């Protein structure tokens, strides 16, 4: 009550922010006449003037009024579009490390040009982040004329581009690309083997479009670069045959409930649990199939990988549905993004789940992958010096943006008042009744010429509605992950009178639905349109536009509520843009996932009390409130999951930053010999300590063990026992110094053979390769630790603290292993004089020719077995083109002495 009273007196924080910014908008507006007087050249010259002022030490914020006025004037000249005052407000919000909530149709793309231009003046680069490649390309090409008019360069960062093209895109003042591609480039840069391979600059300013989709919906999805692990596709196929024998039961066994099934599914946490009966049956079936021996337990340590296969297969069958979670196209399982309904080509589920789904669908099973590098979007975007974002729906997630990303949310007012009618939800008992009611609503709306957009939450549901519309004889377009190539074209014409469009979730986001359809799309379809044709198209469009407005504008139908209110608001936001008329309504049934899992008992009880008849709907504020509460519950739960994920990932993130920082330093220096000498001392000290404990009696020394270790791990054959026999006065410290001196001497002799430059290059290569290999193993170990750490809670220990403690000790152990592996590899490398390598190469060639002739003869004799044996023999002797060169340079054979071939 007190807070409400204070807000009334002083205004909310949002109001105060906007009041402050409106003063700057007035200054920008006052500059407009002055800007209009400037010639094109003078206007372009402003960019160089601003940069010069920044170099002299002026603060970027001081340039806002003039810079924004310049962009507005340039936009008028290039596009014939003038930034509204609310767009200037949005631009200021985005410059202040905030999230701007701007309704659909308010011109977010044009708004973004203001902060993008301002921050590009620093010369450090601006990354505009979009949700898909189409939008990145569209926005870059649309805004390129404006930025180039003002003397700035524009780059597009797309998947599959060669490194030089990517480097050029990142070197541009403003770069457009997708969140995935920026993240993957960051990971790839941190796996590079030379500074020239890196493409990104220092991360300066990110301007994220559809920020809620990227920073919240995809926050739980880590970006992973992986390499192939061992092939186990046969096992997935064998386990897959067993799963159909199992029966699902509704809930888990407990003291009060004993089911008849073999497994239960927890839809909330998306987990599958075997019952006692299920475990017994699985073990019997595994024995029967010859996968497991009689009397063995599935939970024994020896069968841990088998348990992994069973769990993956169970999840694939019970939790993942074709045309909802994935589609099968050209013999490949392609994931469908649950938030956007788009297919995610090239993305794969981890933990063997993707292989299990491939086995279930009977397509070719691809190898499992091993993580080489990974990062979550939460941690990637926090690497930028300055982060901002815009979306039509952020206010419901303002707390999360603030607590995780330290970004405030500012709701920017609309240019014209919103007049859309949001009708109350209608709840039916069954799915069939609900679909029937939707069809009737569509018939009514289209009869009076009103366009309708039907939003569904999966491909399966969109096809179900489509089939019913076809049966009813209603012409319509379907927009889902299966056909998203023509997405923008369908969305652009969804405002046509009486048009019916079915869209999965937020497919087509970023393209405005214009009432009456898009006249620009019609003009673009003509080869060489004349001025008369364009005028006629515009006139026809105006008639259609007015007709649609008179019919009530675009009508939105939601076929069920999403887990998040924000996604529902996004669907509603497609209607009522720029003060247009419009309406929306959600149709629900008690069989919908959200109602079934979170709101069923209360609402179905209410419906029973009201004595509902088939086909009847309940429409009451109580029901709408109960559903909103259910959504809040899910949102809160998902927020907790994301927050917890971040807390755990923060531990890995600190380690990742340390490793990548060291790796980049290593890449940028050409001579690492000082580092090598330093770690050699540490490694030899630790090795000797293990056999000659410091300040111990000679009787406690294990000299044979030390000699063997030095020989095996460092290729050092030292007569230590002989030294001690001949020199009784040789004490511990002197002995340590002598062993280290001998190792340095042997190493220096190798360096003399190959030359200092070659040795420096080789040292750097070994350090980078060893670091990458150990980091990869460390990531896998961290993943295993993370999966089981919650069990520490049963021992009254805080899992998070335990994870921090253990992961730190694992990290320290990894760094020690790094030192040891590097020195061991460098010590064991065999070097030869160039003449020796040439001689060996000559011998190898002669031997290869001789064997090839023999092989030819054996082929003529059709003795394939002998040929195979010879081929194997040849393979043993030959140095592979990608193998390390025998000279010990550290280069690949094909880039060193292999060039002689």
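Cβ coordinates come from backbone N, Cα and C, glycine included.
According to DSSP, residue 109 (ATP binding site) sits within a helical segment. Within the same chain, residues at least six positions away from residue 109 (ATP binding site) with a Cβ under 8 Å of its Cβ are 139, 142, 143, 209. What Swiss-Prot lists as ATP binding site is 87, 105, 106, 107, 108, 109, 512, and the listing cites sequence analysis.
Taken from Swiss-Prot, the feature region 'Disordered' covers 859-901.
Taken from Swiss-Prot, the feature Zn(2+) binding site applies to 885, 887, 896, 897, supported by sequence analysis.
Annotation comment: Swiss-Prot describes 891-901 as compositional bias 'Basic residues'.
Non-local neighbourhood of residue 87 (ATP binding site): 106, 107, 110, 111, 114, 415, each in the same chain, at least six residues away, with C-beta under 8 Å from its C-beta. The binding-site residues examined here are 106, 512; by Cβ neighbour count within 10 Å, the least packed of them is 512.
If you take the C-beta of residue 108 (ATP binding site) and look for same-chain residues 6 or more apart in sequence within under 8 angstroms, you find 90, 100, 102, 209, 390, 391, 392.
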